[in-house]
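Below you'll find the structure, written out as structure tokens, and then a few comments.
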Amino acid sequence: MTILTHTLGFPRVGLRRELKKAQESYWAGNTTREALLAVGRELRARHWEQQKQAGIDLLPVGDFAWYDHVLTTSLLLGNVPARHQNNDGSVDIDTLFRIGRGRAPTGEPAAAAEMTKWFNTNYHYIVPEFSKGQQFRLTWTQLLEEVDEALALGHKIKPVLLGPVTYLWLGKVKGEPFDRLTLLKDILPVYQHVLAELAKRGIEWVQIDEPALVLELPQAWLDAFKPAYDALAGQVKLLLTTYFEGVTPNLDTIIALPVQGLHVDLIHGKDDVAELHQRLPVDWLLSAGLINGRNVWRADLTEKYAQINAIVGKRALWVASSCSLLHSPIDLSVETRLDTEVKSWFAFALQKCGELALLRDALNSGETAALEEWSAPIQARRHSRRVHNAAVEKRLAAITAQDSQRENPYEVRAEAQRARFKLPAWPTTTIGSFPQTTEIRGLRLDFKKGNLDANHYRTGIAEHIKQAIIEQERLGLDVLVHGEAERNDMVEYFGEHLDGFVFTQNGWVQSYGSRCVKPPVVIGDISRPAPITVEWAKYAQSLTDKPVKGMLTGPVTILCWSFPREDVTRETIAKQIALALRDEVADLEAAGIGIIQIDEPALREGLPLRRSDWDAYLEWGVEAFRINAAVAKDETQIHTHMCYCEFNDIMDSIAALDADVITIETSRSDMELLESFEAFDYPNEIGPGVYDIHSPNVPSVEWIEALLKKAAQRIPAQRLWVNPDCGLKTRGWPETRAALANMVKAAHNLRQAK
């Protein structure tokens, strides 16, 4: 039985972010739809060929998406909210963009659908909306068209589909409440139709993703898998695909299904290969996810060989990435600025394909010399001076409970803060960043490339900060920000100023739609060699009598949005970052900054997928935040910001952060998130986001007032702040001014109505 290689998916955006540029050009009306579609075809063809040349035997098709793969599945099933539909009932790429962005080059603007994190990753998806009695039909044939493309190019392929049960699990009911699982019988005919079309094309295997099977699902949802897969069986071979955790707790459900193979994540799961081999039906193929799809580290292939070799020849076996390589940068070979030592520790998506090929060849032949050669740099890294810092390790070991306690409780601090700031009712602020204009990005790029000296760069940044302060004062905001003109990314910026991180030139990964991020890589112990944000915060405060917030990214978010080390725990990394940023809080306070925001948008996304593992994570995650913040005096107001969160199941931990003010993303969920704070009787101040910054649509004064009145039904008005959902870096100035003017006007109206 020859072992084959495959990947669960590949990065879509292109090495130079070609997809992002094509999307944004199309949205701006600068290119045609045909030109956009052509870029997609070119990228798919290139990526299939690259994977093939790197040694992948079965290429994934259907992993490409114009926004995200869950939204693609919604269109496949004809699940289009009424507000986004074309007048003639047809579905096209602009339909997709209206759902994701709220607008497109054609059709009427409408509120974008809700967006949230994909399991515990930094990738996002558009949440499917379900209504009672909803009808489904095959309306979007992107998958079939891409299968035809790949077959025409002569590739051996494996189409990829998001499974029906996971799709329903990921959605939300809109309108009259009902059990969305009852829609399963209605979407299965569409899946049957698609599988029949794939069978007609001679497809042997289909990868059907059911990552919900790694969760602690309610019994009714577990019970739904058997009838669903009974309905889908028989047309093609199905590779039931799971990732991000192990499957052992749900293995009884899985082995009862009429599928022909199972993919398991052997990186993030704790499944035992021998037990899986023993319990799976003897005729099933096992796809072993041995190469980490979510990081940038070179794999120890000798270890992977030992992990799987015992079952070679005993059942059909494929070797694969643990999950889609979507979460990894594309190609390490184009990184020219990493020094040789550090570069030897890494592997990006194409190199991971090469790792799979090396592993396949060794498992098929029994020859392991190539694996030992590949793995040698990993042994060297374990002893590198660039990894270990004795002073950091000593400080971490000396942390006490007192280091995570503010001097006094919130009630005492709030009095001191009210006396200091004298803010009006319904105080207005923004979350931190202002539009990153072409001029700002050009300024940073010229400085980075050496085309601009430090003095001219600093003069330019200072002018943009000054303009941001002027804009905010003109708008009438109460608490200002400096706008973050000097920051390329909220995590990358801090990583650049902390020891223990390295950066790539082209290590882009998709976050959502056209948004890409270039995560820093934690290669060693973390420390702060010098103040990071103090100079610009102090300058901004000197321009105004209103308070200006100091802006920090929190330790858990820096951890979650970086590629972490694998040789220490996530807790260790988070607390090292917290200690470094604790010094930053102290320095900001000493410089006269009275309000300091520590953003933790990733706190919830870092949760383990199984609820039984949550407590330990939340304990150290909360402690890291408190270590970061607790150095502040009573009269210093600590804010935190979170987005895409459902809080009801972690409210104890949110309260335990003990932030004086929390701002949250609520507009897309119509203030639903505040129910959690109301039920918990959250004691501190809250800024529910009153408009969606991910959409270019400008909210009306009436819309914002209505949301704030709804918020005041749940939270006492004296504890409410008024702010957008998130930072404004991706927006343009015209819509930013208009939206903030309406937001300030709404707050003024509510003050006058008291």
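Every residue, even glycine, has its Cβ placed from backbone N, Cα and C.
Annotation source Swiss-Prot lists 5-methyltetrahydropteroyltri-L-glutamate binding site at ARG17, GLU18, LEU19, LYS20, LYS117, ARG515, CYS516, TRP561, GLU605, citing sequence analysis. Look at CYS516 (5-methyltetrahydropteroyltri-L-glutamate binding site): DSSP puts it in a strand.
The annotation L-homocysteine binding site is assigned in Swiss-Prot to ILE431, GLY432, SER433, GLU484, ASP599. DSSP assigns GLU484 (L-homocysteine binding site) to coil, not to a helix or a strand. Every protein chain considered, the tally of other Cβ atoms within 10 Å of the Cβ of GLU484 (L-homocysteine binding site) stands at 24.
Swiss-Prot lists ILE431, GLY432, SER433, GLU484, ASP599 with the feature L-methionine binding site. Counting every protein chain shown, the Cβ of ILE431 (L-homocysteine binding site) has 25 other Cβ atoms within 10 Å.
Sequence annotations record features per position, and here Swiss-Prot assigns Zn(2+) binding site to HIS641, CYS643, GLU665, CYS726 based on sequence analysis. Around the Cβ of HIS641 (Zn(2+) binding site), the number of neighbouring Cβ atoms within 10 Å comes to 27.
Annotated active site, proton donor per Swiss-Prot: HIS694, in sequence order.
Under the DSSP three-state reduction, LYS117 (5-methyltetrahydropteroyltri-L-glutamate binding site) is assigned to strand.
Each of the binding-site residues LEU19, CYS516, CYS643 was scored by other CB atoms within 10 A of its CB, and the lowest score goes to CYS516. For the 5-methyltetrahydropteroyltri-L-glutamate site, whose binding residues are given in the record as ARG17, GLU18, LEU19, LYS20, LYS117, ARG515, CYS516, TRP561, GLU605, the maximum C-alpha distance rounds to 28 Å. Per Cα geometry, HIS694 is the residue among the recorded positions SER433, HIS641, HIS694, CYS726 nearest to LEU19 (5-methyltetrahydropteroyltri-L-glutamate binding site).
Cα to Cα, CYS516 (5-methyltetrahydropteroyltri-L-glutamate binding site) and ILE431 (L-homocysteine binding site) are separated by 20 Å.
DSSP assigns GLU605 (5-methyltetrahydropteroyltri-L-glutamate binding site) to coil, not to a helix or a strand. According to DSSP, LEU19 (5-methyltetrahydropteroyltri-L-glutamate binding site) sits within a helical segment. Neighbours of the L-homocysteine site: apart from ILE431, GLY432, SER433, GLU484, ASP599, residues of the same chain with C-beta atoms within 8 angstroms of the site's C-beta centroid are THR430, VAL481, MET490, MET551, GLN597, HIS641, CYS726, GLY727, LYS729. The shortest Cα-Cα distance from ARG17 (5-methyltetrahydropteroyltri-L-glutamate binding site) to any of the recorded positions (GLY432, GLU484, CYS643, HIS694) is found for HIS694.
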